[in-house]
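Asker: Taken from TrEMBL, the feature transmembrane segment applies to B:12-31, B:38-56, B:62-84, B:96-121, B:141-161, B:190-213, B:219-236, B:243-264, B:276-295.
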């Protein structure tokens with residue numbers, strides 16, 4: 001274990017220090033931003049599992065963020081306000097959607113896979129847009145944050161932040177074990193050479209599908225937290241541009257390293273907040289920065305990534 | 001009922017034709033350059049905005065259309081020259097990100113230039129009004145004009161691809177990229193041409209539709225995703241596939257939205273049917289795509305990988 | 001005893017019959033070389049034997065079981081492994097990881113999410129044995145991408161051996177190797193003879209005639225002659241169709 005886990009642990013500690021720092025300088029909004037960073041770091045980690053380790057460029061990952069968010073709204077309406085029960089429901093819904101959409105998408109490769117995952121993401125998006133019971137296009141506000149063991153502890157922003165941070169640490173720790181376990185090595189193998197994997201007796205499809213489902217479930221948990229952070233759910237969480245942003249996070253941090261995914265999420269959310277505070281047309285600047293990074297400094301793209309996609313294109 | 005069906009069929013065909021105009025350029029870019037372009041939908045939106053601006057400035061629909069076409073062509077050329085040609089040899093992920101960035105830049109630019117409020121374009125005198133279709137049923141002339149213009153463009157594309165030297169290179173490129181690559185210097189000019197042509201067709205679609213839809217900054221997004229569905233159903237790189245896929249998607253989407261609830265009422269109670277229909281209708285094309293792909297993973301006219 | 005029996009195998013691309021009614025018997029324990037001019041359909045044959053490509057008609061029987069429609073993974077588990085003409089490895093993984101992944105494929109479930117695979121002694125030990133067998137023991141921790149061409153060819157062989165095959169399909173194992181590397185690989189194949197049945201496709205005639213127990217000559221998708229090295233050397237049809245061409 002070299003520099004990567006150290007970097008990840010450093011990032012987690014850095015995040016953990018935000019609330020006291022925010023209290024010290026009297027800017028509670030910093031904690032809110034740090035919460036968003038941690039939520040998107042979980043989502044980015046989940047995407048990194050399939051994109052970074054499995055070379056599956058999914059462009060519909062935001063759908064799982066949305067599924068998680070709506071799980072909170074649906075559960076709350078039926079009287080289930082416990083955070084962990086909601087997470088369970090979200091993960092279950094995500095697993096079902098991922099199993100079905102993954103079984104179809106994973107039959108394809110390259111550009112097809114990108115476009116099909118995008119289309120499935122849109123399908124989920126339109127489903128919730130037309131769900132008038134939950135506000136349709138506009139979405140719906142949550143009455144309150146989720147509860148823990150029947151108590152409204154999470155209403156406190158700092159407490160909620162540490163809850164999110166704990167989830168992030170768990171997601172990171174779990175995924176770090178997974179990518180270094182038997183399953184992770186097989187998944188990495190399918191990224192490196194599908195043909196070789198089949199020639200040594202593996203059927204890549206089942207491992208890809210398992211990773212795809214797991215990734216969706218983790219992202220749905222991030223969605224549960226996102227809904228709690230904003231206390232609002234809307235189809236905008238699963239807009240295709242949101243899926244694009246998740247990929248941007250991976251690119252900026254470096255694909256195929258878990259610490260990179262976390263760092264990318266932190267940088268992207270931070271940059272967005274910074275630019276948004278500066279101009280209402282922040283997307284223009286964000287786009288220009290992104291374009292400049294891709295065109296002139298593919299440093300975020302490690303050598304690993306180059307090979308990964310050179311292989312993917314055949 | 002039959003009349004309503006005919007009407008929706010025509011609406012679906014008209015929508016399909018528009019999808020085809022956007023998809024034609026994109027499928028060639030996908031097929032020949034193995035290039036994924038998320039900024040293509042923005043060109044459609046740009047066509048509509050330029051149309052709105054030029055029609056207002058010149059006071060003439062036709063002059064506006066001509067200027068909008070010319071401008072989107074130029075935009076296509078400039079984008080290819082500035083950005084896209086640097087990306088052909090890059091991994092798909094780089095292309096996704098660069099064109100995603102471009103999409104953010106262009107759509108935000110459009111908002112800065114024209115604001116977020118929807119714009120309207122006046123219909124030309126010549127094409128307003130409606131004609132009798134069957135019995136008491138009438139159909140707007142302008143929508144028929146869209147269908148005719150789209151079919152004429154499709155025919156022109158067919159001629160270009162089947163009968164010209166550039167078209168021969170295109171066909172060779174779609175079926176055998178290394179061979180075309182081996183032809184050397186011609187190739188960069190061919191790419192430029194395809195790109196600019198694709199941009200202009202997307203702009204043309206946007207300009208055409210501007211009098212019947214309101215022109216707003218979100219219009220590029222929704223059409224881009226449907227265009228992907230069209231291309232995936234038709235098969236990447238196949239213009240024929242894009243045509244078939246576009247009509248299929250246009251008709252299924254349009255007819256499904258109107259007739260879905262009606263047909264559902266035959267099997268369930270009306271209130272539930274209305275709700276289910278409203279939820280299912282927008283998902284129909286995606287279900288169609290999933291069905292086509294589980295049957296043919298490379299699309300209807302796609303070559304096996 | 002016949003380990004692999006191919007009967008009337010056919011595969012066409014349009015009007016071009018790449019495999020045109022091919023029949024072949026490989027006896028258990030032998031090294032059976034298949035030679036033939038370029039474009040004779042040798043790699044296509046290997047692809048059909050390994051399950052990468054489905055034949056249009058005909059049958060492939062392995063150890064008495066019809067495997068014509070069996071997928072690649074099941075064939076590997078039944079004991080039919082292959083090496084590739086174009087090196088096909090996991091570039092980002094070390095030599096040891098490449099081989100250990102093949103060992104893992106036949107030992108237990110890969111749906112294990114917690115225990116670090118790098119610490120599984122059973123996998124690493126078997127992988128090291130295979131690496132030592134091909135002479136790569138001192139290269140175990142080197143990423144495949146950083147190896148020389150010859151080392152990659154050796155690793156390719158080690159990965160195939162790690163599947164513990166009963167029949168090994170070797171698609172030009174010497175392709176692109178220098179004289180010294182080739183010599184080493186030939187010695188390795190010589191050492192493997194008797195332990196594992198091999199089907200060898202190779203352009204290096206010196207190696208083929210030195211190694212093979214039997215040689216089949218493939219021309220235009222058909223076996224035109226089959227026999228011991230001496231027999232093949234003397235066969236006038238073979239000389240005309242193949243060796244003559246080489247001499248030019």
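Using N, Cα and C of the backbone, Cβ positions are placed for all residues, glycine too.
TrEMBL: automatically predicted annotations, no manual curation.
Remember, it's a predicted structure, so these values are computed and weren't measured experimentally.
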Asker: Report yes or no: does the transmembrane segment (B:38-56) come within contact of the transmembrane segment (B:96-121), defined as 3 or more CB pairs under 8 Å with a sequence separation of 6 or more?
Answerer: yes
Asker: Hey, would you say the transmembrane segment (B:62-84) packs against the transmembrane segment (B:190-213), going by three or more CB pairs under 8 A that are 6+ residues apart?
Answerer: yes
Asker: Could you tell me whether the transmembrane segment (B:190-213) and the transmembrane segment (B:276-295) are in contact, taking contact to mean 3+ Cβ pairs under 8 Å with a sequence separation of 6 or more?
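Answerer: Counting Cβ pairs under 8 Å (6 or more apart in sequence), the transmembrane segment (B:276-295) does not reach the transmembrane segment (B:190-213), since there are fewer than 3.
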Asker: Select the range from B:12-31, B:96-121, B:141-161, B:190-213, B:219-236 that forms the most Cβ-Cβ pairs under 8 Å with the transmembrane segment (B:243-264).
Answerer: B:12-31
Asker: Given pairs 6 or more apart, does the transmembrane segment (B:219-236) have at least three Cβ pairs under 8 Å with the transmembrane segment (B:12-31)?
Answerer: yes
